[in-house]
């Protein structure tokens with residue numbers, strides 16, 4: 001059987017229809033062409049509509065199957081038009097199509113009448129311009145489906161097998177009349193239908209008011225358009241003729257007519273000759289068959305356009321195994337040339353991933369990649385490496401900027417300014433003491449211990465610079481060494497001095513014998529033994545954990561990656577810092593305890609009171625330091641606050657010691673040199689006795705109405721002289737002042 005119009009795809013199945021061949025392409029090619037059109041438009045969400053029956057259902061099934069196999073668009077709805085639709089059926093179908101309004105493209109395998117009625121329903125529901133119709137060859141370039149509803153059909157893309165009009169057929173058919181076409185039994189019926197008349201009393205058109213004259217002429221008295229399948233009818237006939245001619249040549253060996261060999265052939269042998277034909281058909285295109293008996297797929301693609309109120313089908317491309325579409329020639333509703341959309345979800349922006357809707361891969365929700373995640377693929381976000389953060393559009397990662405405390409930062413300028421002033425002041429005091437090294441005030445201050453204390457104060461100021469400098473091996477080493485060393489120098493010296501004063505007066509209460517280890521050499525030995533503990537700890541620290549610089553990405557890893565920073569710092573943990581300063585703080589607390597114990601010493605006696613005030617103030621400074629330092633551990637400005645707090649605490653501690661212990665002496669040395677003169681020397685016994693008696697006098701003064709007390713203190717230049725036992729009453733206040741000049745400069 002050689003078919004000229006059957007396009008059902010199931011006829012390509014050789015196991016069922018092995019003797020069928022056709023000169024038209026099957027609907028599977030048409031479905032592929034329509035799918036290629038949809039993909040070229042960028043539509044990924046479409047609906048299908050089919051007339052009930054083999055043609056419509058098979059066409060839609062082929063489209064859906066090919067779409068699934070190739071990963072094509074998603075099918076929003078697949079609707080069917082019944083053979084005998086009920087009233088309102090097309091309105092229901094249109095309302096269902098509108099339920100998935102994003103699926104604007106509608107793939108149609110429907111007959112002419114169904115096409116016309118669905119367009120009419122769209123017009124009634126005011127959906128002009130909403131739906132994007134893609135019609136099969138049943139729509140093609142026909143006028144009947146779009147008459148009086150051109151605006152609704154505007155922009156429709158249709159497909160039609162490539163064909164050509166046959167002029168010889170037009171000449172032949174127009175010459176046909178009732179008199180010269182007796183062999184066609186249906187010609188009379190055609191005549192009545194075409195000219196809207198009735199042929200006598202036996203005519204097939206009852207009720208027609210007009211009687212046919214027989215003189216009507218096709219194309220003159222009626223509209224005429226060549227049927228599109230004429231070409232294929234002719235090609236089918238010629239294909240059979242070519243097959244029989246070739247068979248006659250092979251089997252009859254030139255014998256005219258039907259030879260005996262041809263009369264005995266079976267269908268399979270004839271089929272082989274039919275499948276082997278190859279000639280140019282009536283449209284000058286090759287007529288060939290594949291192994292399934294199908295003709296090659298060749299289609300013209302049309303679009304129904306309205307230009308200057310003129311509606312017509314225009315060829316916008318063709319399909320021959322692959323699509324050739326001229327998008328620039330396309331035009332949509334209201335003359336718009338941009339391709340409208342038919343998608344379930346709009347494309348996600350950069351930095352957003354698609355979260356697909358279950359069961360509908362063409363529908364998704366766009367979710368931004370947040371935090372430190374970047375868009376790794378269309379559907380996934382991945383975490384950036386720890387030392388990186390997402391770039392601006394979150395399509396990749398970039399290194400996190402590295403920061404450090406800069407010299408020009410306000411957090412650094414204030415500590416640097418204070419440190420420079422402190423260094424200058426400390427240097428000035430040192431130079432002054434060296435310059436007046438042999439004067440009574442300098443000697444009475446304990447020169448050796450003063451220089452140790454001034455060295456510690458100087459180191460407390462100097463540590464500011466390594467703390468602010470760019471971290472590196474050398475910088476981190478200096479930080480470890482000098483961070484607690486300056487305080488250790490200072491408070492070791494002060495602890496030694498306060499301990500010495502305490503031991504002297506405790507010893508004086510029990511005996512006139514001087515306590516041990518109060519000489520300058522002994523004091524230096526005690527001080528440096530205390531300092532050696534700090535140095536030993538630093539050496540062990542170096543051995544167990546060599547210093548090095550690290551980049552801490554966790555300290556400023558903020559919620560907003562745009563503000564994330566890596567902090568270049570020395571590898572010194574808070575615990576290591578506490579251990580480094582802890583020993584110096586222990587010395588400071590111990591020194592404060594001794595300052596409290598020696599608070600009863602006369603305020604003019606050998607710096608006891610100034611040392612006490614220094615330690616009280618220092619304790620207040622470090623008590624304020626602890627909550628500020630550790631309370632800002634979670635702050636984004638942690639590096640700046642902690643460094644500034646630590647350096648300022650060290651500088652303020654040094655400034656308190658420098659101001660209270662040394663500035664008064666420097667003031668006297670520079671501005672009142674007349675007070676910097678030797679005083680009458682006293683024996684240790686006399687000194688201790690005077691201090692003890694002064695304390696007692698202060699207690700008894702409140703008991704005497706006139707402030708007089710009895711004393712047996714005798715002054716003598718002989719340190720070994722026996723005590724005089726001449727009791728005298730003297731004024732408490734005059735006694736105190738008379739001894740002040742001897743006590744203030746006495747180097748203990």
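Note that the numbers count up from 1, one per residue, in the order the chain is shown.
Including glycine, each Cβ sits where the backbone N, Cα and C put it.
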Of the residue ranges 374-396, 489-511, 650-672, which one carries the transmembrane segment annotation in TrEMBL? 650-672
If TrEMBL is the reference, give me the range from 349-368, 449-468, 469-488 marked as transmembrane segment. 449-468
Within the same chain, where does the transmembrane segment (650-672) have neighbours whose Cβ lies under 8 angstroms from its own Cβ atoms, ignoring anything closer than 6 residues to its ends? I mean 6 or more beyond. 415, 418-419, 422, 425-426, 428-429, 432-433, 436, 439, 441-442, 445, 450, 453-454, 456-458, 460-461, 463-464, 486-487, 490, 494, 607, 610-611, 613-614, 617-618, 621-622
PLDDT averaged over the residues of the domain 'G-protein coupled receptors family 3 profile' (411-685): 83
